[in-house]
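Annotated features, as they stand in TrEMBL:
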- B:His125: active site, proton acceptor (ACT_SITE)
- B:Asp118, B:Glu191, B:Glu193, B:Asp225: Ca(2+) binding site (BINDING)
- B:Tyr120, B:Arg134, B:Gln232, B:Tyr236, B:Thr337: substrate binding site (BINDING)
- B:Asp225, B:Lys245, B:Ser249: Mg(2+) binding site (BINDING)
- B:17-109: domain 'Fumarylacetoacetase N-terminal' (DOMAIN)
- B:117-382: domain 'Fumarylacetoacetase-like C-terminal' (DOMAIN)
2 protein chains.
Amino acid sequence: MTADPFALTDDLWGLTNLPYAVASAQDWSPQVVSRLGGHVVGIAGLAAADGHRKWARAWSTPSLNAFLEQGPSSWQAARRWLQQLLSDDRRRDFVRPHLRPLDAVELHLAVDVADYVDFYASEHHATNVGKIFRPDGAALTPNWKHLPIGYHGRAGTVVVSGTDIVRPVGQRKTPADAAPQFGPSVRLDIEAEVGFVVGGETELGERVGVDRADEHIFGVGLFNDWSARDLQAWEYVPLGPFLGKSFASSLSAWITPMAALKEARIALPQQDPQPLPYLRGLEGAFGLDLALEVRLNGTLVSQPPYAQMYWGPGQMLAHLTVNGARLRNGDLFASGTVSGPEPQQRGSLLELSWSGSEPIRLEDGTERSFLQDGDEVTITATAPAVGGGRIALGEVSGRILPARD
Amino acid sequence: MTADPFALTDDLWGLTNLPYAVASAQDWSPQVVSRLGGHVVGIAGLAAADGHRKWARAWSTPSLNAFLEQGPSSWQAARRWLQQLLSDDRRRDFVRPHLRPLDAVELHLAVDVADYVDFYASEHHATNVGKIFRPDGAALTPNWKHLPIGYHGRAGTVVVSGTDIVRPVGQRKTPADAAPQFGPSVRLDIEAEVGFVVGGETELGERVGVDRADEHIFGVGLFNDWSARDLQAWEYVPLGPFLGKSFASSLSAWITPMAALKEARIALPQQDPQPLPYLRGLEGAFGLDLALEVRLNGTLVSQPPYAQMYWGPGQMLAHLTVNGARLRNGDLFASGTVSGPEPQQRGSLLELSWSGSEPIRLEDGTERSFLQDGDEVTITATAPAVGGGRIALGEVSGRILPARD
């Protein structure tokens, strides 16, 4: 017998969470769902049965994009409706037919990703990478504290958590090599990041000020920006990362709405020098207190604190659009690797093994500098819940398959 | 009276061209069209009337993507059908109701752009930019002759030719500035490029070998990668161009199928050192003999020869996918600025004015180093036609509007 879906033992997936995903089941075509404890909530069917046709229509589609288009007032109203419905004891028999145990559904990529931008917003990560990649120069480039550095990634290779990752092949050349070598990456890495899902289209030429972050940032997912360090090191000057990143990036199936993270909003670390006015904001220059954990084949290898990030998501959005670049429903931007000041808070193997010079030890006794075929990486996180306790973010995991011939 | 649409005075838009676009008219919803001389051909309606339902269905949509999905055998068969139909004197009365004068239609962006990648494939351009941006180092980075350098751009800001371009604002900092300045770009530039439209989806982890270029490269359009050099110079180290490019990139309305460019296929310049095997190909390592012209407010300012490009489009596609990055219908990759060896063959104002030190003179007597508000840039091109003569590629044009407050 399945336990009572309404009997929750903690807040992790309770009424203060209510994340979104896209799921299919034997009798469900892919559609937008929510989650309560160990059950998936068929909100498309529930909304239809409860007379909310606008939500039912958007949630009956196989991506969040139609709901993203409805904007913040619809997002907020839908959340209030769902919280009330699921907390009303008298309506449990109304809700119950729309619940499925988690293991009875298949989860899909929740967002039809429009444009994907990756930032570089952790001072600790950027400093570590600078020291490793450019040992003879300053760790941070002169622009780093003036703007959130970012670049566009490949939207078409963003995949849902659980998707196997084929080891990429390509060119690499170390200073010791006379010519570039070709073959499978030998420095395959992770980047533990947080992704932000955007809703609401803007016009070409329009800027989204930092204090308008809540109009457009719908929610967050955990993100693993798989990185082939050897490919990246050889290709990235002068136009930035390309094939070292574009083979795959994994996004959690569950997208946590920003409304569930109100208690996690914190001040950013002191920004010195003070950024230009378009990056300052009373409401928009916020940080998030998310506690990440990175596991490699089950061993906890890092606990990156998102609270330490230098640039906030509202600042990233303001920067992304300050030149008039328009937003589309389903735009995704990610924070860049989350690394804290301590060695065990680093969000990439590049940093954890200090470019291979200090391999980390797993619980099975083996050592890792970079990923081996068969390795599985899982990133999880929790955040303070509204009203107390903690909520979970959806995990992002992936396993490495050998390179193809 | 409109002239006889079938009486053509040259080959530029004749039966050996037959490009595709998306157009709407008073009695046409946006749909895929072709062109014969000064007339637009409503191929969706023609295909339906002639019993070709698969093409009619794809062409009745407001983008080329559904047709791109059908793959090369359908592309070739459709071209043969259309060439036969339009060259058959007995069928002119059948065709005529499906023709509209060019000035009776509105042209739209032909492709729903999935991912957009910009390459850097001209040795002359890369050398010029290297000398200007990195005067103390080697002009070409060590990787340049080993791989076609590229990076992802913003798909959502690719706009159709004719769209006004709002001058972007953002941060810039010259070495003389103590701190970054904020405001409208003062070094707004063009990049005359050729864009390649991709059809046919591939799987994550799959590589598209260089000799499979013709399976996936559907056609070409002229492309202007507007660039704010001051924003770009301050932001681009270490992760590449971002806001200096992402405000807008313009694509010609007309996409010329590769089948119309068979006569334009030429050998690539000698590649030394020889590239790695995945970039070599009997069929796929080809160049294209396209003669570009760049006009600024009507003055011919440059004649970039595409035939001089170091890396070919088949090589770019092979490189783009060598790491297993998948393709989607509507992917777009551009060549990077087309510059030849001569000063008057440079495809950007950065090069033409040598970073502002040698302004160019326009026919109205004024000088330009970079673009002023109100300036209009038009890029055109022709190519050898199959069977003789020359065909035209669709122009890409745009006018600069002042920055918004």
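Cβ atoms are placed via backbone N, Cα and C, with glycine included.
Unlike curated entries, TrEMBL annotations are predicted automatically.
Using CA atoms as reference points, the recorded positions B:Tyr120, B:His125, B:Arg134 were checked against B:Asp225 (Ca(2+) binding site), and the closest is B:Tyr120. Ranked by Cα separation from B:Ser249 (Mg(2+) binding site), the binding-site residues B:Glu193, B:Gln232, B:Tyr236 are led by B:Glu193. Under the three-state DSSP scheme, B:Gln232 (substrate binding site) falls in the helix class. According to its DSSP assignment, B:Thr337 (substrate binding site) is coil. In this structure the C-alpha atoms belonging to B:Asp118 (Ca(2+) binding site) and B:Tyr236 (substrate binding site) are separated by 15 Å. Around B:His125 (active site, proton acceptor), the C-beta neighbours below 8 angstroms that are at least 6 residues distant in the chain are B:Gly336, B:Thr337, B:Val338, B:Ser339, B:Arg346, B:Gly347, B:Ser348, B:Glu351. For B:Lys245 (Mg(2+) binding site), other Cβ atoms within 10 Å of its Cβ number 27. Taking B:Gln232 (substrate binding site) as the reference point, the binding-site residues whose C-alpha atoms are within 10 Å of its C-alpha, out of B:Glu191, B:Glu193, B:Lys245, are B:Lys245. Listed binding-site residues B:Tyr120, B:Glu193, B:Gln232, B:Tyr236, B:Lys245 compared with chain A at a CB cut-off under 8 A give B:Tyr120, B:Tyr236 as the close ones. Note: the CA-CA distance between B:Arg134 (substrate binding site) and B:Glu191 (Ca(2+) binding site) rounds to 19 Å. Here the CA atom of B:Glu191 (Ca(2+) binding site) lies 11 Å from the CA atom of B:Tyr120 (substrate binding site). Within the same chain, the residues at least 6 positions away from B:Glu191 (Ca(2+) binding site) whose Cβ sits under 8 Å from its Cβ are B:Asn224, B:Asp225, B:Trp226, B:Ser227, B:Gly336, B:Thr337, B:Gly347, B:Ser348, listed in sequence order. Separating the Cα atoms of B:Glu193 (Ca(2+) binding site) and B:Tyr236 (substrate binding site) is a whole-number distance of 20 Å. The Ca(2+) site is defined by B:Asp118, B:Glu191, B:Glu193, B:Asp225, and by the 8 Å test on Cβ atoms against their centroid, the other residues of the chain that qualify are B:Ala192, B:Phe223, B:Asn224, B:Ser227, B:Lys245, B:Ser249, B:Ala334, B:Ser335, B:Gly336, B:Thr337. Counting other Cβ atoms within 10 Å of each Cβ, the lowest count among the binding-site residues B:Gln232, B:Ser249, B:Thr337 belongs to B:Gln232.
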